[in-house]
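Novice: The structure that follows is given in the form of structure tokens.
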2 protein chains.
Amino acid sequence: MASIAELGERGALERFLPHLTQSENVLVGPGDDAAVLRSGGELVVTTDTMFEGADFRHDWSTFADLGTKAVTTNLTDIAAMGATPTGLVIALGVPGRIDVRNLEEFAKAADRTLQKLAPGAGVVGGDLSTSERTVISVTAFGDMRGRSPVLRSGARADDRIVVAGELGMSGAGLALLSAGEHPVDELRRRHPQRIEAHVAPLAPVHLGSALADAGATSMLDVSDGLVLDAGRIARASGVELRFDRAALEAFDADLEHVLYGGEDHALLATLPQEATLPDGVLVIGEVRESEAGVTLDGEPVQERGWDPFRR
Amino acid sequence: MASIAELGERGALERFLPHLTQSENVLVGPGDDAAVLRSGGELVVTTDTMFEGADFRHDWSTFADLGTKAVTTNLTDIAAMGATPTGLVIALGVPGRIDVRNLEEFAKAADRTLQKLAPGAGVVGGDLSTSERTVISVTAFGDMRGRSPVLRSGARADDRIVVAGELGMSGAGLALLSAGEHPVDELRRRHPQRIEAHVAPLAPVHLGSALADAGATSMLDVSDGLVLDAGRIARASGVELRFDRAALEAFDADLEHVLYGGEDHALLATLPQEATLPDGVLVIGEVRESEAGVTLDGEPVQERGWDPFRR
């Protein structure tokens, strides 16, 4: 094995960069002061950082898992605007003592995820530093391609509420890991879908632009929990988001995890009744004109969810 | 005082965001899944992360200093491509126990620096998390505005070597702080320029596009030390960068700091002899056709400098 400290920044990057597929939009790639990316007239930008401890644990997540999760969580934010992802930059802080193969696994998984969820996009730049605890900061870019950004404020009474992706699986996986009743390896064998949904989620990124084209009036990605995120649309749009309890109970997870689990990275959107829904989205409720916020069959549900400073 | 943990993410952001000037390029600002920024056809992107411990110490740098440094170091990377900065995103990880006023000071300084160095650009998004040690990750954007990117590989024999900004001051400041012979407050009073050059540097960002317009054949920002960074141009261009010892000795710092100090964030560029130099740049040498790499009056100098994994 060779540690990152032994190889130095340059040596470590030489092991990292070859695993990345060049973005088809890149005019100047990694290695200069900045990258240059072909771009449309409207640039969509999002950034998300994962901290060891607060956001992940190395005994639960491999570096490959982290590569997948860092890419997915950023791409879904781009998708939730109705945009097409074009590229991303990754800033990594890792302990110098770790084996460089961890970096390679991270790069391979990040690239695989990017090729799968947003073919044509690529990693256009990055930054590698030493840090006692691992920190992964990703900034992703997208192009509106002539569409209007889909905000949180456009939901209208009578719209249908739809979801693209899983709900509750990540929360269920986290609950299994947190219970600590079985070794992680065994949990991965026995509950592969739930554990993967939490540590290495994938999401239907391509449905973001498809939902925008279908006429989505509002959209976001479910990261802090369905109720908390739906509450953001309800407040911004001044409407009630009335979920259909039976539709939510049909997901393959406890209702508690569906409502509050968070980190699903599904796309939650509202569309007019007459809109033709893209394949792969599921109707889970209806928008009403009321100040009730988020309800289940009209009954108010408690808004609670994720705040990184309050756990 | 109110700690960030007491206020929660949302409360802390409410204290942070009002200090930021809206970018004139922003179509959708902070608060949705992603920001949307008006953009030209060629997007320039760079990312840089500062870690407490490896990159800064809280007993030397205030949060205001860090806001300034995080902005400057990223803007100079954009400028070094010959681009005009358009905006940036900031991901912050800070301990929950600190006073929220630190965040406000950070935001004010970041905004002030941005307005000063790149008027019209703004902070378009960000991410706030909890972290035991402070981490500041910035990704900055720029627009080529029809110019060609100025790479490291274009220096040609007979070009003049120029610098825009200070050399050696940051290294001199770091040496004073590292010596630890006087309290930081006293050092700031006695050597304000040197200490500021290290903890809260500014740089002539606008000269990046001016140098590109003047015909710069290569350019980078001096972050790892003049010799190490000049070596990158020499290798990429296949030429010798011959510095004029007298010109370098004229800087207001020891030659050792001028050559190896790093973190100056000055712009180092090469231009044809006949180019008209913008105001504020200084000729410090000449490009020669040789394989000698970096020399001082033709004498080879040792290449050494900054590697975050090898200290």
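Heads up, the Cβ atoms here are built off N, Cα and C, so glycines get one too.
Annotation comment: TrEMBL describes B:Asp33, B:Asp77, B:Asp221 as Mg(2+) 3 binding site. Taken from TrEMBL, the feature Mg(2+) 4 binding site applies to B:Asp33, B:Thr46, B:Asp77. Annotated Mg(2+) 1 binding site per TrEMBL: B:Thr47, B:Asp48, B:Asp127, in sequence order. Marked as Mg(2+) 2 binding site by TrEMBL: B:Asp48, B:Asp77. Residues or ranges marked as substrate binding site by TrEMBL: B:Asp55, B:Glu263, B:Trp306. What TrEMBL lists as ATP binding site is B:Gly126, B:Asp127, B:Arg152, B:Ser223. Among the features that TrEMBL reports, Mg(2+) 5 binding site is placed at B:Asp224. Positions annotated as domain 'PurM-like N-terminal' by TrEMBL: B:31-142. Marked as domain 'PurM-like C-terminal' by TrEMBL: B:157-275.
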Novice: Measure from each Cβ of the binding-site residues B:Thr46, B:Ser223, B:Asp224, B:Glu263 to the Cβ atoms of chain A, and list in sequence order the residues where some distance is under 8 Å, or 'none'.
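Specialist: Near chain A, the qualifying binding-site residues are B:Thr46.
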Novice: Determine the Cβ neighbour count for B:Asp33 (Mg(2+) 3 binding site): the number of other Cβ atoms within 10 Å of its Cβ.
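Specialist: Around the Cβ of B:Asp33 (Mg(2+) 3 binding site), 28 other Cβ atoms lie within 10 Å.
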Novice: Measure from the Cα of B:Asp221 (Mg(2+) 3 binding site) to the Cα of every one of the binding-site residues B:Gly126, B:Asp127, B:Arg152, then give the nearest.
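Specialist: In terms of Cα distance, B:Asp221 (Mg(2+) 3 binding site) lies closest to B:Arg152.
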Novice: Compute all pairwise C-alpha distances among B:Gly126, B:Asp127, B:Arg152, B:Ser223, the residues listed as binding ATP, and give the largest one in whole angstrom.
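Specialist: So the maximum pairwise Cα distance among the ATP binders is 32 Å.
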Novice: Of all the binding-site residues given, B:Thr47, B:Ser223, which has the fewest Cβ neighbours within 10 Å once its own Cβ is left out?
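Specialist: Each of the binding-site residues B:Thr47, B:Ser223 was scored by Cβ atoms within 10 Å; lowest is B:Ser223.
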Novice: For the domain 'PurM-like N-terminal' (B:31-142), what does DSSP give as the number of helix, strand and coil residues?
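Specialist: Each residue of the domain 'PurM-like N-terminal' (B:31-142) counted once, the result is 35 helix, 46 strand, 31 coil.
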Novice: Pull the DSSP breakdown for the domain 'PurM-like C-terminal' (B:157-275) and write it out as helix, strand, coil residue counts.
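Specialist: Once the DSSP states are binned, the domain 'PurM-like C-terminal' (B:157-275) shows 57 helix, 18 strand, 44 coil.
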Novice: If you draw a 10 Å sphere around the Cβ of B:Glu263 (substrate binding site), how many other Cβ atoms fall inside it, taking every protein chain shown into account?
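Specialist: So the Cβ neighbour count for B:Glu263 (substrate binding site) comes to 21.
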Novice: Between B:Thr47 (Mg(2+) 1 binding site) and B:Asp77 (Mg(2+) 3 binding site), how many Å separate their Cα atoms?
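Specialist: Cα-Cα, rounded: 9 Å.
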Novice: Should B:Arg152 (ATP binding site) be counted as helix, strand, or coil on the basis of DSSP?
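Specialist: Note: B:Arg152 (ATP binding site) is coil by DSSP, not helix or strand.
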Novice: Could you check which of the binding-site residues (B:Asp48, B:Asp55, B:Asp224, B:Glu263) sits closest to B:Gly126 (ATP binding site), going Cα to Cα?
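Specialist: That would be B:Asp48, nearest by Cα distance.
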Novice: Looking only at Cβ atoms, how many others are within 10 Å of the one on B:Asp55 (substrate binding site)?
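Specialist: Excluding its own Cβ, the number within 10 Å is 23.
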Novice: Among all chains shown, work out which of the binding-site residues B:Asp48, B:Asp127, B:Asp221, B:Asp224 has the most CB atoms within 10 A of its CB.
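Specialist: That would be B:Asp221, with the most Cβ atoms nearby.
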Novice: If you measure B:Ser223 (ATP binding site) to B:Glu263 (substrate binding site) at Cα, how many Å is it?
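Specialist: Rounded to a whole number, the Cα-Cα distance is 4 Å.
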